[in-house]
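Visitor: I'd like to ask some things about the structure below.
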Amino acid sequence: MAKALFVTAAACAFLSTGVRSQSTAPAYGQCGGQGWNGPTNCPSGYVCQATNQWYSQCVPGASTPVPTSSTPTPTTPTPTNTPTSTFSTPSAPSGTPTLVNGYSFVRAVTDPNFHKYLRSEVWGTPGDAILGDYMTSSLFRVVNGQLIQGVEGQQTLLYAVVEPKTDSAAKKLKVSWSRTPATSGTFRWSGDTLEWSDPAISRPQNNAWLVCPDGQGNRDVYINLGPYSYQTPAGCNDHTIHAYTGPVAVP
């Protein structure tokens, strides 16, 4: 923001947030984000840390400023100027995965996959997207509509790709990881909820996901093309999946 506007902007911010900032969000609760009208203070020992421009959360540790850029217009991403991979051989976590600033864990929050975390079937490599144990969770960002797995400069970056819809009667589309960006569909955060949309595919809910076991017992992740918790395909479970920005992955 230009310095010339600092006094005016600060005054407006004080007037618009004076009432709501008097209340306190719970530990790991939402404390800010674009359009947020709830509490902005955190309990003692917690600070308000940004996950993205729409969502900030009360977590222990140092705070991160909330992004102030304008809301982007969702578009089909163009795979140019995206981060390049730096390591070809992945190394699975040797201890409890730890958050890196600017990234988040992604997990389900309801049974039967409560606090199962998004990752690759074989950790850090291209292949099926699954939900797994917290000890093998990965870190994620959403950049220009791409859901990116891996920390830039430390790991090979993988991009979430949704299979094409080739059957008009299809109820779900499989999600996998690739070393090249997706050429269709857009990932975005709505609060802390991960959504996917494609202008060529009609869906009742952009935040509806399915988790279906494969023959080896892996919890494969799918885009749900139907409404949440209605006519769920046999063997699958309905979920929404969410960013988590606690300092470490937890069960």
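Yeah, the Cβs are placed from backbone N, Cα and C, and that goes for glycine too.
As listed in TrEMBL for this protein:
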- 63-94: compositional bias 'Low complexity' (COMPBIAS)
- 23-59: domain 'CBM1' (DOMAIN)
- 62-94: region 'Disordered' (REGION)
- 1-21: signal peptide (SIGNAL)
Visitor: For the domain 'CBM1' (23-59), what's the mean pLDDT in this predicted model?
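Guide: On average, pLDDT over the domain 'CBM1' (23-59) sits at 79.
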Visitor: Which numbers of helix, strand and coil residues does DSSP report for the domain 'CBM1' (23-59)?
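Guide: Here the numbers are 0 helix, 17 strand, 20 coil.
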